[in-house]
Every structure is written in structure tokens, then in C-alpha cells.
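Features reported for this protein in Swiss-Prot:
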BINDING   G79, 82-83, S87, 89-92, 107-115, S119  5-phospho-alpha-D-ribose 1-diphosphate binding site
BINDING   G79, N110  anthranilate 1 binding site
BINDING   S91, E225  Mg(2+) 1 binding site
BINDING   R165  anthranilate 2 binding site
BINDING   D224, E225  Mg(2+) 2 binding site
Amino acid sequence: MEILLQKVYDQENLSKEEMTMIATEIFEGRLSKTKIAAFLMALKVKGETAEEMAGIAQAMQRVAIQVAFPAGTAMDNCGTGGDKSNSFNISTTSAFVLAAAGIPVAKHGNRSISSRSGSADVCQELGIDINMRPEDMTYLLEKVGIAFLFAPHVHPNMKYVMDVRKELGTPTIFNLIGPLTNPVHLETQLMGIYRRDLLEQTAEVLGQLGRKRAVVLNGAGFMDEASLAGENHYALYENGEVHLYTLRPEDVGLTSYPLEAITGGEAKENAAILRSVLDGEPGAYLDTVLLNAGFGLFANGKVTTVQEGVDLARDLIRSGLAKQKLADLITYQKEVLAK
């Protein structure tokens, strides 16, 4: 093990198998916090490879609590976080739009690591229980079409790195691979990433992990979401191939806004923003969700273009169907908790 750690310290790449070995040591609690911190920072400085990302993702999935759901039907749209944009909870809001389109959404998420409000924080503020049992998550996916999967709850072995990540206060490989480790076997995925240089290789990793179709995007301003502030870069994985594209908000009939226009706050403020979007209140928040939900619908294959996705997302919000998904989730959750 010391030899493998030294390779990383010496800026040498690890094979998938070598990374799996180190990750297993971490997830079984056999590496000290000091060594974990040194390892994570050395990886960050060196730069994470596709092999390393796949290796640690597979190790995480092996020790995860599995959530049963028919293979090949669900999707996720969570991002890496770590873009320091202090935006509102875009992917969480968009998830209700995707669910309203009839797509089962297994929304993987966590508390804030480098922002003021993570998806788990805003979900709690909305009244969503983030500590459901796996069988309850399955029930909600089946009955409502959306469930929140709290990362520390379904990845209990991550307890060995949570304190280290919080103390480091900077994105690490765990930000990059968190969205890759959903305990539901996904068919499609939209994944925002804060590093534009990793678009192509992350899409390749999703293919290695069994996705049939996926979009990995990096927004203007290097957001881990699609942005209205300029050009968005994304990689589409399909049929074993990856293709790179760009898209501006004007390309799909949306108005440009500066990044400051979608600034969020603490969980209470972000929950209010989420509700205002699902109510259809016009402005930068709504248009940002339309763009991101449009990408999600496109990643899923529900539509053939992002433009069609934006149009469908607008209809789903105007009709009240997206707002109803939030209400249904809370209603059926109470039914589960009352058992």
C-alpha cells in the first residue's frame, strides 16, 4: 500500500486496479486521516485520470447500500459541486421537472461541501426526509417517480473521508466521482462538472459504468451546471462514442444573464427560490432551470434536442406538473413514515 501511495506522491498515474486497492483501504478504515488528506491533495495536484476515477467509483459502489429499482430505467442529474458559484440548487429544482416528464429520478446528493447549501440541506428545508430506508426510496421511485438518496446514508463507508473533505475545503476526486456512484443502476445521466478539461474522460467513465446515454457538461463561468452567462461545453456519450459540443442560451431561445443573477443563499432562501421556479415565476432562476432540465431531458433521450427539452420543461412547469411532483413526494413520504 505504501508503494501505491508513493506513486501518487511522485505524480505517477495509478491503474484502475491500483486505485481500487487504495480506495478499499480507505473505505474499510485502514488509512489514517493524515494519509487520506495527503493522498487526495496529491491526486488533485497530479490530475485525476479516467482509470483512477473508474477505479474509485467501482470501489465505492461495491460497499454502497443498494437501492432496488428495475435496471435501465432511472436517471440522475446531480453535479460535482465545487464550482464556488454560490448558485441556488439548480439540479435539485430541475429534478422535479424531469420527474414530471415521467422519468424516474434517483437524485443523489449531499450536504454542502464548498457552497452555502447542498441538495440535502435544501431538501430538508422543503420537508423532505433525507434518511429514508432503501426500501422506502424504492417505494418513492415507484409511486412518485423521484426519491432523494442522501450520499452519506447510502455510502456509509464515506464516513472515513467526510471530515477530511470538510477540513480540506476544496474539491477532490470525491467531488468528481460522487455523481458516478449512485446506488441505483442508472440507464441515463446528466452530470455537471466543475472541470472543463475532464468532460470527455468523465463521459467515457460513465460508459464504463454502464450508462447507455449520458451528458457531462460544464457551464459558462466553469459552473457544474448549464449557465445563462455564455457558452456551455458538454460531452454526449452514446453507442460507445463521445462527442463534444457547445451551446449558448440564445441557441435555445433563452436570454443571457450574468452569473450573479442566479446567486443563492442558505437552505431557507434556496428552498424559496426552488418553490418560486416551480410556481413559474419568470426570471433568471426559472430560465436556468429550463436550460438544465432541457439538458436532462436530452440526456435521457426523452427529446432529441436541448431546444425540445427546454420547451418541454417550460410546459411541465406551466402545467403545474413539476410543482405537483414535490407535493406528491412529501405526501407519499409521510405515508411511508407512518408505517
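Placed from the backbone N, Cα and C atoms, the Cβ positions cover glycine too.
What Swiss-Prot annotates, mapped onto the structure for a quick look.
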residue: G79; record: 5-phospho-alpha-D-ribose 1-diphosphate binding site; Cβ contacts under 8 Å, 6 or more apart: S91, P179, M191, G192, I193, Y194, D224, E225
residue: H108; record: 5-phospho-alpha-D-ribose 1-diphosphate binding site; Cβ contacts under 8 Å, 6 or more apart: D76, C78, L149, A151, V154, G178, P179, T181, N182
residue: N110; record: anthranilate 1 binding site; Cβ contacts under 8 Å, 6 or more apart: G81, G118, S119, A120, F150, A151, P152, G178
residue: R111; record: 5-phospho-alpha-D-ribose 1-diphosphate binding site; Cβ contacts under 8 Å, 6 or more apart: G118, A120, D121, P152
For the binding-site residues D224, E225, which one has its C-beta crowded by the most other C-beta atoms within 10 angstroms? E225
Rounded to the nearest angstrom, how far is the Cα of S87 (5-phospho-alpha-D-ribose 1-diphosphate binding site) from the Cα of R165 (anthranilate 2 binding site)? 21
Where does S87 (5-phospho-alpha-D-ribose 1-diphosphate binding site) sit in DSSP terms: helix, strand, or coil? strand
Could you check what DSSP calls R165 (anthranilate 2 binding site) once collapsed to helix, strand or coil? helix
Let's check the environment of R165 (anthranilate 2 binding site): how many other CB atoms sit within 10 Å of its CB? 20
